[in-house]
Every structure is written in structure tokens, then in C-alpha cells.
Amino acid sequence: MIAAQLLAYYFTELKDDQVKKIDKYLYAMRLSDETLIDIMTRFRKEMKNGLSRDFNPTATVKMLPTFVRSIPDGSEKGDFIALDLGGSSFRILRVQVNHEKNQNVHMESEVYDTPENIVHGSGSQLFDHVAECLGDFMEKRKIKDKKLPVGFTFSFPCQQSKIDEAILITWTKRFKASGVEGADVVKLLNKAIKKRGDYDANIVAVVNDTVGTMMTCGYDDQHCEVGLIIGTGTNACYMEELRHIDLVEGDEGRMCINTEWGAFGDDGSLEDIRTEFDREIDRGSLNPGKQLFEKMVSGMYLGELVRLILVKMAKEGLLFEGRITPELLTRGKFNTSDVSAIEKNKEGLHNAKEILTRLGVEPSDDDCVSVQHVCTIVSFRSANLVAATLGAILNRLRDNKGTPRLRTTVGVDGSLYKTHPQYSRRFHKTLRRLVPDSDVRFLLSESGSGKGAAMVTAVAYRLAEQHRQIEETLAHFHLTKDMLLEVKKRMRAEMELGLRKQTHNNAVVKMLPSFVRRTPDGTENGDFLALDLGGTNFRVLLVKIRSGKKRTVEMHNKIYAIPIEIMQGTGEELFDHIVSCISDFLDYMGIKGPRMPLGFTFSFPCQQTSLDAGILITWTKGFKATDCVGHDVVTLLRDAIKRREEFDLDVVAVVNDTVGTMMTCAYEEPTCEVGLIVGTGSNACYMEEMKNVEMVEGDQGQMCINMEWGAFGDNGCLDDIRTHYDRLVDEYSLNAGKQRYEKMISGMYLGEIVRNILIDFTKKGFLFRGQISETLKTRGIFETKFLSQIESDRLALLQVRAILQQLGLNSTCDDSILVKTVCGVVSRRAAQLCGAGMAAVVDKIRENRGLDRLNVTVGVDGTLYKLHPHFSRIMHQTVKELSPKCNVSFLLSEDGSGKGAALITAVGVRLRTEASS
């Protein structure tokens, strides 16, 4: 017993002694964490260079766009062929994907040889061989008559400009077929298939094996966004933000980047850590000076690295008593599989003895211990280097997401990772030290990258079909110039019907006379009250207008809420609430005494018989108060003031908010004679010649016409451009069948149109993984402000996702892109339709005056126009295109329509004074 313990102690001492000697001898291969962190920094810089348009041509890490934009979402289905070429053998698979109830994938595959004479021959020989194997595979399965989609895993660096094209940059590993570098491998394969003529194949996607691995694992774990191969060769890919990829148009979404990290160091950036053995390996390789990182870490070279170290140590008398055999000197006699066998925990030393004996040396126990430690140092260095480069990718992903802690999955494949007994454990341990703020799950790719090629093909098929259906749906929102000219023509016709006495009663665009006959001339003076009612908030203002050399307008205002129960209660309750708010304001300003002139901005369709009388035609924008329609709103206001018995007011004018906006802007800019509101609702007004206003006596001068254009289309004249979604929104609105034009362009409804489209797309499985949340079912959830935020060019998709999450919608990156697209299509149509209406107005003014060219200013207000990032630009462009003879300027009303009501009151008081004198 004691003898055995002594022997064990002696052996341990001996082993420790040998280990120390080897550590000293191979000191340059032992990398500290400090060195590894430095390598991470270098690789991060190389990644940045590869993604940059300016630096990519000279970058060693090519960061190739793969045009794979999406990982599987579980809804893929179909029958696919996958080809897998890139390693020691060539595999063909038939992959049947079914997503009914349980996702399942049925695969059958066959492995074909790729002999040396083929991989080192001509390109046509290589692809003829691939086509022949594919023919054999299809023949055996009786599927030659089916034109199945094919995914092609081609594990070499390729330049892609689309998913079904791959131009080979350079051969790696043992491949050297001539005439292929610089050519599109899809064309070469198609040519070989066509030459045979006995079957047809549709090559949908070419992917790198690393991308294939990511996609294979992505089918099982949708958090998988990195692919890693550590086998014969080594490489990694990951999902990069498109905005960082200079080589590809667009900045929405993500794309898988094939890093081709095997070439890291080809520019000399790793010279300080390369050893004499690395240089010797490189000199004897098929591609000297290339793939230097791969030659330090991949399975193709580790065995050879160990052999070179053993030869040198033997020559120096440090091993095998200085004996060198012909076998030990022969390249390829010591493989990476031997390294794996020697590093096994229990039988490693026994395996070392067997392998070394096979090489003709007669190893001592010392020799076996030394060789085992050489293998450990070489494979450990590989694991450390791969951990450093993967760590750089994980840090980039974390930064892209703007998250303090990254949670992600890495799909892994490759013989070295899978079969080496210690590799994965060491690799994971080093990675955890290098990136402590990342939680990484490693998912082993059980079925290789062939299944991944099929998944890429399945995803491409799914996305193509989805894209077709999405485009088909959204095409109904695209308006051509001819369609917009037709809308302009119809608006013009409806305007004429509204102006004529004979047709006015049946006209949908009411063209209501406002009895505002002039815009301000600058001589207005005095203190005026203004009320502004038109939405959920109600404003009371005190406006002090001063004329003279320096004209000034000083305003004080207070905002009051109108509860929904009052909006939809009785008319008496509504006007009592308004008067109560006025009373509070007069107290607040300390002016509850003199009888002040008041202008009332009332933003609903009214038939006016004078400046201070307006009969409500219909409620809009969610108001439903009873006993108001058909009544004079000024009388209702005066009655409520009398009921309160606290104060009296001189109600001089009732005006629409659009007219108020025009007057506000006309005070600043005399050429302003059109008003436009595009906010919660939409409307326009303009100065019409009195001779055309048949509803009012007199032919001299002008009068502002409140168009009430929101009702355009209520007679069915826009039915050909209204979509299924417009009809849905109308059907469930408070005023079904009314204000149809407004429901296509105003802020109150755009979000609802978007919501209905999103529900439809979710039902079809295009969004939110097919799950319709309670939030999405909630009417009114998509406020216009969210549309404006989502469409902002400044917002990255992460922020779009954050907005959707605020709304209770958990979206992927792809979901966010589609939501943004839908918002864009809906708001663009709104801006174009609004522009077509405005074009009809300005052309009418021009023709009224018999002008070749008209210069006119439009005063504009409304949240949609003000806040939406693209609405105003698209609307202006549309007006310009549809009315080329009008030079139209747009002036934003900064002070709302309340100031306009005060100005109309001031003009009214001035005209009244002039008339009495």
C-alpha cells in the first residue's frame, strides 16, 4: 500500500515537473486574460472596418452580408432539398417542415464523397459532381419530377448581393477547384444541372455553414442570433443591425453577417502572438499568408501544430530521447482526433502511448505526460482565442441592443467543439471571464448546417409569401398621380354643388358661408374674449390686440377638460359646463365686470345666417350632446350665460376653427386666404368670390367659405378608393357613414386604420407570432402621436419596439419593421388625399381670378400636420404636383384658432363701428 502511494507521489511529482518544462517551452502559446481582452478589442475594430464602406475593401475580416434577414419563427412549412458542401464530405438532405400543432422536421440524408481529384480539379468537374450526386439522391427518392426549393450550404467566403447568389472570394480548407473564384456558384450549379437535363431545381438560398448552424438552432430557440463553427475550419455569424451595414441599402431591421473570422490576422495584427510553429504551418499550407487565425484554432491544423512542436522538441533532445522517425516527420500523420484522444481524462496517457508507438517512437511515461500537455496547451489556446473573438461579437450585440446585460443563444457545430473532451468546457469558462455581463446559452446543432440551409430556404419562402400578401393588402393604399387628380376633380365638383342654391341641400361638401368678409388689416384694437371648442379640451382666452406702429397680440388662456359624459349628455349640461369654465376664467383673470366682446370658435359644421348665428348641422369628433343639432349655438350659449346670472358677454362672432386659423395667419401674412386643419379632425376654408356664393345675397367682395370637407365622399364618390379597413373604421365609429374623407386623413382615425390592418396581419401570422393581444383588440389604442413617433427617422427599431411594448405589444425586430411600414403607408395616403383636396381649393381661387399663376398662403394648424415627421412634406409635394400653376406657401398657426376668433371679433367690432358712424 505504501509502495503504491509512493509510486503515485513520484508519478505526480514527475508529471508536475514535465508540465512545468512544457509550460516554459511553449510560454508564447499561453495567453493571459489581459492578452485575450486586447485580442477582443482588436477583433472588435476589425469587425467595424469590415462593416464600413470605406474600410471594407482592405479589411481582413470581411463581415459579409448574407441577406438572411430573419430567423425561423416556427410557422415555416414545406418540402425542401438542402446541399451541404464545405468539409470533408458532401451531404444532401430532404427536409420536410410541418408547423401544424407541434413543430416538427422530418429529414433524410445521404453523404457523398468529394475525392481529391474533384476538389483540386476544375470548377466544372466539381459542380458536375454535385449535380450528379443530387440527381442520384432525387432518383432514389422518386422526386425528380418535383421542382423542390433548394438551399445550398456553401462553406467558403462569398460576396452576396442577394440571397440566391454567391460569388466565391477565395477557396479555404482543402478546396482548390479552378475557375470558381470570382464566379457565382449558383450559376455554376444551375449550369451543371441544366447540362444533365433530367431534373430541375430551384436554388432559393445560398448560405454559409455558420449561418446554417444559426438557422438550425434558431428553429428550436428563437433567441439564437449567433452561429459558431469550430471544426475543420472556424467561423462565426451573428444578427447585425442593418443601419450599421454600409454595404447594404436600408437601415431597418437586421441581417446576418458572416464574419469570415478565419482571416483575422492576415494583415499582421496577430504577429505578436503567432509562434514559429504557426508560421511553419502557414508556409506549408495550400494558402500561405491567408486564414491565419483559422490556422491557430481549427481542427484542420491543431494536430499538425502538435506534430511540429513534437519534432522540434525531439530534435532538441527534450522528447523521445532525441529519436525522430519518418512517420513523425510526415505531414498529416498526427491528427486533431489524436489530440482529442490524448486529452481524455482517464485513458489519455494510454492513448498517447498507442499513438506515439504508431508513429514509431518508443515513448517513456515522461514523454506521454509531455505530449499530453503539449496537446492541452495547443487546444487550450484555440479555445481561448475563439472565446476572445466570440466575446467581441457578444459585446457588439449588447451595445447594439443598448442593454446592460445580454441574454442570447449561440448555435454551435464543428467536430472540435463536439468531440474534443475538454474543449467546450474550457471555452465556456474563458468566455464567462471575458464577458461577465452576458448570459449565453450554447445550443448544439444536432443535424448540421444542411438543415439550416433548408430553414433559410423555408424562411425565405415564408417571407416571400408574406411579402406578397402584405404588398397585396397595402397596394390598396397606394394612390397614383392619376387617381389623385381624379380625387381633386371630384372635390372640385362637390365644391360647386355646395356653393349653388339649387344643389346645396343635397351636397355633401356643405361650403358654408361664414359671414367673415375680410381678413385683418392691422387697425384692430381692444381686449376680447375667445372660446375654443372642438375637441376633448376647451380653451378660454383673453386676447389683447394693439394696433399702431408696433402691432402686438397678448394672450392669456386656460384649458379645461370636457368629460365624456358631458360630451355625450344633454346640450344644456354641455353649455352650462362651458359657462362654468368661462366664469372660472373671468375670476382667474380678475375681469368679471364689464361686458366684453366674445368670439366663439365652434369647430363643428354650422349653417350660418350671420356672423353671430350658427345652426349646428351635425356633431363630429365624438360629441353627441342632445338638443343641439338644428339649434343656434350662440343662442344656446347666451341662454346658459343667462341661467348663471353672474356676468354678461357680447357674442360678436361664431367661427369654425379653420376660419380662426386662416385669420390668425392672415394677421401675420396678408396673402393668407386659405385655412387648413389636419389634427383630430380635418377641414378647410378659403376666401370665395361673393358672386359664386349663391346662398348669401350680394355679388360684391368676398366671403370666407367653411368647406366642411370632412364629409367629402359621404355620397359614395370615394368608394372606389376606400379600403376594407376604411369601411371597418367607419362601421364602428360614432357616426357611421358620415365624414368619410375625414376618416381617411385625420388623426382621430389613422391609428384605427393601422390597428385594423395589424389585427388582420396578426391573424395571418405575419405579426406578433400570430397572437392577438387584448391590447390590439382595444379600439383607440393607436393614438396619432404613436404613429408620429414610430415613423420618426431618428428612431432606431429598438425604440419602435419600446413604443409597441408601452402599448402592450411584444414585438420582434421584424414585427417593428412591418408596423412601421403599415404606419407609413396609411399616413402617406392621408397626406396625399389631403393634398388633392387642397389642390382643388387653390386651383379654384386661381380660376376665380382668371390668373395664369397664383401666389397664395395657407394657414395651417393641427397635431397631425405639426407633429408627424412626413405628413406636411408629402402633402406639400402633392399640392405642387396636382396644381403646378399655383405657388402655395404654408404658414403654421402658432397660436391656434382661439386668437383667430378674437381677430374675427375685432374685425366684426371694427366693421360694426364703421357702419354705425
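Just so you know, glycine gets a Cβ as well, placed from its N, Cα and C.
According to Swiss-Prot, the residue from Glu565, Glu742, Glu752 that belongs to the D-glucose 2 site alongside Ser603, Phe604, Thr620, Lys621, Asn656, Asp657, Ser682, Asn683, Glu708 is Glu742. Of the residues Ser155, Ser161, Ser269, Ser285, Swiss-Prot puts just one in the D-glucose 1 site with Thr172, Lys173, Asn208, Asp209, Asn235, Glu260, Gln291, Leu292, Phe293, Glu294: Ser155. The residues near the D-glucose 2 site, meaning same-chain residues not in Ser603, Phe604, Thr620, Lys621, Asn656, Asp657, Ser682, Asn683, Glu708, Glu742 whose C-beta sits within 8 angstroms of the mean position of the site's C-beta atoms, are Gly534, Pro605, Thr658, Ile677, Gly681, Gly710, in sequence order. Geometry remark: Thr784 (ATP 2 binding site) versus Ser415 (D-glucose 6-phosphate 1 binding site), CA distance 54 Å.
Under DSSP, Asp413 (D-glucose 6-phosphate 1 binding site) is assigned to a strand (E or B) in the three-state scheme. Cβ neighbour count for Asp84 (D-glucose 6-phosphate 1 binding site) (all protein chains, 10 Å cutoff from its Cβ): 27.
Taking Gly86, Phe90, Ser603 as the binding-site residues under consideration, the smallest Cα distance to Leu787 (ATP 2 binding site) is found for Ser603. The distance from the Cα of Asn656 (D-glucose 2 binding site) to the Cα of Leu867 (ATP 2 binding site) comes to 22 Å. Taking CA atoms as the reference points, Phe90 (D-glucose 6-phosphate 1 binding site) and Gly534 (D-glucose 6-phosphate 2 binding site) are 72 Å apart. Of the recorded residues, Glu708 (D-glucose 2 binding site) and Gly534 (D-glucose 6-phosphate 2 binding site) place their C-alpha atoms 14 Å from one another. Distances between the Cα of Ser682 (D-glucose 2 binding site) and those of the binding-site residues Gly86, Ser415, Thr536 are shortest for Thr536.
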